[in-house]
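Engineer: Pasting a structure here, questions to come.
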Amino acid sequence: MSNNFKDDFEKNRQSIDTNSHQDHTEDVEKDQSELEHQDTIENTEQQFPPRNAQRRKRRRDLATNHNKQVHNESQTSEDNVQNEAGTIDDRQVESSHSTESQEPSHQDSTPQHEEEYYNKNAFAMDKSHPEPIEDNDKHDTIKNAENNTEHSTVSDKSEAEQSQQPKPYFTTGANQSETSKNEHDNDSVKQDQDEPKEHHNGKKAAAIGAGTAGVAGAAGAMAASKAKKHSNDAQNKSNSGKANNSTEDKASQDKSKDHHNGKKGAAIGAGTAGLAGGAASKSASAASKPHASNNASQNHDEHDNHDRDKERKKGGMAKVLLPLIAAVLIIGALAIFGGMALNNHNNGTKENKIANTNKNNADESKDKDTSKDASKDKSKSTDSDKSKEDQDKATKDESDNDQNNANQANNQAQNNQNQQQANQNQQQQQQRQGGGQRHTVNGQENLYRIAIQYYGSGSPENVEKIRRANGLSGNNIRNGQQIVIP
């Protein structure tokens, strides 16, 4: 057996029956606690532990052994159920033979042979297709529940269950077309409802449908023969053919629904065949009225289920549409508020631009006014400077004129004085010429030497005399100049 568990999470999902596996569970828990203690000791001794690889392997081994034990117990329970179902079918076949022997000789024996044929085929299918070993806990749980249900049905409540089960028979005459039509509608509605749900359960229901088809065909043939005992063989054969066709349609529909779990329903089909055969043999005489009522109630229930599915679909659509509508409304509100915010931002930007423009214009006008005032002040200061300069110039001119006038007066006085001096010098010269001597200057002579020569002393008084007599202002004389000596 191969281990199909992928991780600890899948392994821990196993369902444990406390009534039958309590001792094994305690042993497993004890082993797990010992293994955990041993793993902790090994991990403390190791420097780099291998991430609990040995622990996971031991847990997988324990889970594999546990699954083997569960599978063996379920297999034995299935064998017991099959044996009990076989004994019940044998009893029912014997009772059907006895009742048919008491009936008139012209009664058709075809349904009995068909029932035996389908029972044999069902058990042959069960033996030829053994149940595969599966490690999935979900499948084991379903199989145990089915086995328990079949066992309790066969042992304790076979009679009550047979009376309560719907009778899969097919009426003859006018009711046959209505019954087949109702079954076809019911099958189509059931197929539409179950197709999206059971896509992954393929081959399991195919075998169940095949077994149910055989049982339904046999039971329908027996019920038809007992409901109308004086019908001929041809009519019975045609009825059984129609029943087989309808059951084959139903089997093909069930086969298209359940696709993945194939060979598991053979034993269930065999048990269903035995129960359906016994129920058909006991209640064929009064089967038409309950079957009609069952069809009506079944149709009503299926219509109710169909309406519920429609309401559920509508509710699902509403649940899907409401969040979408809410999301659209929220997005629209956000878009509106975002547009308003952008519009306000743009308006604020425009207002700021206008305010800045006005402010700039005001600043420019203020600057212009300031420049005008400055130019005015400058022109005023220039004018005042010019006027002050003109005034200063006029004052200076006036002072110059006054000074010139004074200079002219001084010059005139000086000229007068010079004129008088010249006149005096001229008079003195004339006096000297009349009573003094003349000396011609030669070489290096000067007034000091000339005074020594004529007066015997070069005193300043003598020199001054010579100057006065000649009208000299300094000591400068030239060669060849004639000097009067007084």
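Using N, Cα and C of the backbone, Cβ positions are placed for all residues, glycine too.
What you are looking at is a predicted structure, and each value in this text was computed from that prediction instead of being measured.
Relevant sequence annotations retrieved from Swiss-Prot are reproduced here:
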- 1-40: compositional bias 'Basic and acidic residues' (COMPBIAS)
- 1-314: region 'Disordered' (REGION)
- 14-34: region 'Elastin-binding' (REGION)
- 64-85: compositional bias 'Polar residues' (COMPBIAS)
- 126-143: compositional bias 'Basic and acidic residues' (COMPBIAS)
- 161-179: compositional bias 'Polar residues' (COMPBIAS)
- 180-199: compositional bias 'Basic and acidic residues' (COMPBIAS)
- 204-225: compositional bias 'Low complexity' (COMPBIAS)
- 205-225: transmembrane segment (TRANSMEM)
- 226-319: topological domain 'Cytoplasmic' (TOPO_DOM)
- 233-246: compositional bias 'Polar residues' (COMPBIAS)
- 247-259: compositional bias 'Basic and acidic residues' (COMPBIAS)
- 278-297: compositional bias 'Low complexity' (COMPBIAS)
- 299-314: compositional bias 'Basic and acidic residues' (COMPBIAS)
- 320-340: transmembrane segment (TRANSMEM)
- 351-440: region 'Disordered' (REGION)
- 361-398: compositional bias 'Basic and acidic residues' (COMPBIAS)
- 403-431: compositional bias 'Low complexity' (COMPBIAS)
- 437-485: domain 'LysM' (DOMAIN)
Engineer: Could you count the residues of the domain 'LysM' (437-485) that DSSP puts in helix, in strand and in coil?
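Structural biologist: Taking the domain 'LysM' (437-485) as a whole: 20 helix, 8 strand, 21 coil.
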Engineer: What average pLDDT does the predicted model assign to the topological domain 'Cytoplasmic' (226-319)?
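Structural biologist: A mean pLDDT of 49 is what the model gives the topological domain 'Cytoplasmic' (226-319).
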Engineer: Kindly report the helix/strand/coil residue split of the compositional bias 'Basic and acidic residues' (361-398) according to DSSP, in that order.
Structural biologist: 38 helix, 0 strand, 0 coil
